[in-house]
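Colleague: This is the structure I want to talk about, given as structure tokens.
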Amino acid sequence: MSSAEGPKSGGGSKGSKSEASSRVRGSAPTGSRDLFVRVRTAKGRKASSTRWLQRQLNDPYVLEAKRQGLRSRAAFKLIELDERFTLLKPGMRVVDLGAAPGGWTQIAVERTRSLHPNGGKVVGMDILEWEGVAGATCLTHDFMDDAAPLMLKGAMDGAVDLVLSDMAAPTTGHRQTDHLRVMGLAEAAWYFAEEVLAPGGAFVCKVFQGGTEGALLTRMKKMCEVIRHAKPPASRQGSPEVYVIAQGFRGLSGGEDTGRDES
Ligand SMILES: C[S@@+](CC[C@H](N)C(=O)[O-])C[C@H]1O[C@@H](n2cnc3c(N)ncnc32)[C@H](O)[C@@H]1O
């Protein structure tokens, strides 16, 4: 796993905010901000909100995302994972689950060149309403709903090279409940990936510290050449999130028992 230290150095692209820009975004912020913004407590604002605001105003990833016209600081997590594991290439077909507000989708569009003729294809889905990203098909639907896989398959119309899932249910503060919820989403994302991934395809999914659960990991190992876990530097150090990266999808060799409960 990578450490969650300060931002990496990078090229520092100049910040047009146009999504249609042909400029490839994606350099992580360079160095930290000199001026620390202190937020005073205000009447009617909870201490937790003040802390959140102060963190946002002093977070180099938040500032850099804004500068580069990226919709979320989370975009840098995908950028860092892509730099480490070489996930995205021009022409690739990508599904992005839990896509709102669209930072990962923006990066997928740029790196697959889905806006270009003969470029890739990107389909994103989120349970929340979200603003469309040019170059992607953006769906609003609960991925846990039975109809969701069919909607995604219909929009993709063919095999997928990369399934991304940054899905996260709102946290309750109860560690086990939050863990179970995120793992439920991860499991559903993997089963979807099994159905749509092309040979050689890859899967990247948010899980919680401790990594992917035993049964799911065993199943993934049977179907992929390599499975790794990573915490990209942009992932907050205090957050339990890590990502599982499965590459070299080969599916199952005829009728093997995977232990999945099909009932
Ligand atoms: C951390 S955010 C994703 C950020 C995104 N990767 C980006 O770069 O902008 C997690 C998202 O998962 C979505 N989500 C959670 N449960 C979901 C579900 N059942 N179906 C679809 N989306 C879901 C949430 O609505 C939220 O927008």
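Any Cβ shown, glycine's included, is placed from N, Cα and C.
Feature list, courtesy of Swiss-Prot:
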- 1-34: region 'Disordered' (REGION)
- G102, W104, D126, D142, D166: S-adenosyl-L-methionine binding site (BINDING)
- K206: active site, proton acceptor (ACT_SITE)
Colleague: Hey, how far is D126 (S-adenosyl-L-methionine binding site) from K206 (active site, proton acceptor), Cα to Cα, in Å?
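Modeller: So the Cα of K206 (active site, proton acceptor) lies 15 Å away from that of D126 (S-adenosyl-L-methionine binding site).
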Colleague: Does DSSP put W104 (S-adenosyl-L-methionine binding site) in a helix, in a strand, or in coil?
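Modeller: DSSP assigns W104 (S-adenosyl-L-methionine binding site) to helix.
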Colleague: Should D166 (S-adenosyl-L-methionine binding site) be counted as helix, strand, or coil on the basis of DSSP?
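Modeller: Assignment for D166 (S-adenosyl-L-methionine binding site) reads coil.
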Colleague: Just jot down the residues in the same chain as W104 (S-adenosyl-L-methionine binding site), at least 6 apart in sequence, with C-beta under 8 A of its C-beta; none if empty.
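Modeller: Correct list: S72, A74, A75, K77, L78, D96, G124, L164, D166.
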Colleague: Through the lens of DSSP with three states only, how would you label K206 (active site, proton acceptor)?
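Modeller: In three-state terms, K206 (active site, proton acceptor) counts as strand.
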Colleague: Just to be sure I understand the packing, how many Cβ atoms besides its own are within 10 Å of the Cβ of D126 (S-adenosyl-L-methionine binding site)?
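Modeller: Its Cβ has 22 other Cβ atoms within 10 Å.
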Colleague: For the binding-site residues listed here (D142, D166), tell me which residue's CB has the most neighbouring CB atoms inside 10 Å.
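Modeller: Result for the most crowded candidate: D166.
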